[in-house]
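Engineer: Sequence annotations record features per position, and here TrEMBL assigns active site, nucleophile to C369. What TrEMBL records for C372 is active site. Annotation comment: TrEMBL describes R195, T197, W208, S236, H239, R269 as FAD binding site. The disulfide bond annotation in TrEMBL covers C113-C118, C369-C372. Per TrEMBL, transmembrane segment is recorded for 12-31.
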Amino acid sequence: MVKKEIEKRGYGSQWVWVVFALVAVFVAMVMSSRTSSKIGFFGAIDRACPCSRGTPKYSGMVEDCCCDYETVNHLNEEVLYPSLQELVKTPFFRYFKVKLWCDCPFWPDDGMCRLRDCSVCECPDSEFSESFKKPHRLSMNGLVCQEGKPQAAVDRTLDSKAFRGWTEIDNPWTNDDETDNDEMTYVNLQLNPERYTGYTGPSARRIWDAVYSENCPKYPSQESCQEEKILYKLISGLHSSISIHIAADYLLDEATNLWGQNLTLLYDRVLQYPDRVSNLYFTYLFVLRAVTKAADYLEQAEYDTGNPNEDLKTQSLMKQLLYNPKLQAACPVPFDEAKLWKGQSGPELKQNIQQQFRNISALMDCVGCEKCRLWGKLQVLGLGTALKILFSDNGQENLGQALQLQRNEVIALMNLLNRLSESVEFVRKIGPTAERIIEGHSFSHITLIRSWKIFLSYAAANLFTMKTRLSEKPCSWFEKFPIL
């Protein structure tokens, strides 16, 4: 009797630990579900936890630039972001001239989009004058104009005065001939936002693979010069910005057409890689430097669209942006381009990198999604315009007398700066909370898995012990309900 009583107590104490393990697993599951119920992977964040306000993850000087992260965030939030948001909505900066129907010079175009939102849809020609009809338009494969769906429709109602007063000159850094108007079309950027389109798979990956492996490789630090590093960082920063815009405006549910923020995508593509965030800031400051360097030219440019009130507003906004006292005081020279292209090999190196960037520009014709191609071409042209401004051949101080920009270059430049500004602002506001959520979920899942492993191993050991001790009893519950 005593022996049996001891065995019973032994079994009881062992099962106490099993029950304890089960409780631990249950608590971990509850805590994980509570966290996920407040803030999901997909969708907007209700509010940021006050405890996250502490030392910023990115601090100190932005690599290869003349401003620190804190200053950039402050200037962007207070000055640049609100000004650019207003500027790009003006009639002058709203329309972009682009070739959307070019054959890929490197491989047959096999890109297919899952969503109709991928296309930049042409509306009936009857809406426009003869001057806007394109005689050599490629087939659109029977796409139906999505009337009433502004994210896919093209607004081409333009005044004939909107494009006067600007020189027609080609950009040596880009592949498209900007003086060739035969196959150009005008796109309302406000009605064709950069966001998720469903363009994924081998075709999309091949574009970026070609960009990085063939034209913009990430050289080992000991093998690369400053100029080669800069080209890589510019493309990486642009890539990060594009990924951020996709994550910020993502189709969460195709059935209900629900759009929102995809925090998992944001973390997986950008936030978990500090160099990608750093390169975003670098590209932003590089383009900002080009804009401030060309300030005199941009101030005197004609922003004439035939709407006097809007044109005056555009000119006023440009002046406020270019000569903002906070910007001039805190970050007068965001990037110092004077240190590049030095030595005897400077001209040859510049020519090589210019050709690499032209190849990257040509790759935009291989993008199999029209809306992606639109924003790819605009932002690459904007980056090419920044390169043209900063690395003009004469290198004179009075850039306004030598620099010549066409209207489309200025539109691309300012819209690119706005895209980068939006990405920096999104990372500043959402980044810390998104990192805490995703990394917190990962920690909860790891804890849950470990708890299950402990429970299963402990339960298996105890069940084996109990089965051994009770094996002499006939028709035990182990024989009725075998587990091991």
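Each Cβ is built from the backbone N, Cα and C atoms, and glycine gets one as well.
Quick caveat, the model's predicted, so the values are computed rather than measured.
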Engineer: CA-CA, which of the binding-site residues T197, W208, S236, R269 lies nearest the residue listed as 'active site, nucleophile'?
Structural biologist: T197
Engineer: Using Cα coordinates, what distance in whole Å links H239 (FAD binding site) and the residue listed as 'active site'?
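Structural biologist: Each residue's Cα considered, H239 (FAD binding site) and the residue listed as 'active site' end up 12 Å apart.
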Engineer: Based on Cα coordinates, which of the following binding-site residues are within 10 Å of the residue listed as 'active site': W208, S236, R269?
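Structural biologist: Those near the residue listed as 'active site' - Cα within 10 Å - do not exist; the answer is none.
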Engineer: Across all the protein chains here, work out how many other Cβ atoms are within 10 Å of the Cβ of C372 (active site).
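Structural biologist: Here the count is 23.
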Engineer: Are there any residues at least 6 positions away along the chain from S236 (FAD binding site) with a Cβ closer than 8 Å to its Cβ? List them or say none.
Structural biologist: D275, R276, N279, T283
Engineer: Let me make sure I understand the structure: which of the recorded positions listed (T197, W208, H239, C369) has the fewest other Cβ atoms within 10 A of its Cβ?
Structural biologist: W208
Engineer: Taking R195, T197, W208, S236, H239, R269 as the record's FAD-binding set, what's the max Cα pairwise distance in Å, rounded to a whole number?
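Structural biologist: Site span for FAD, by Cα atoms: 21 Å.
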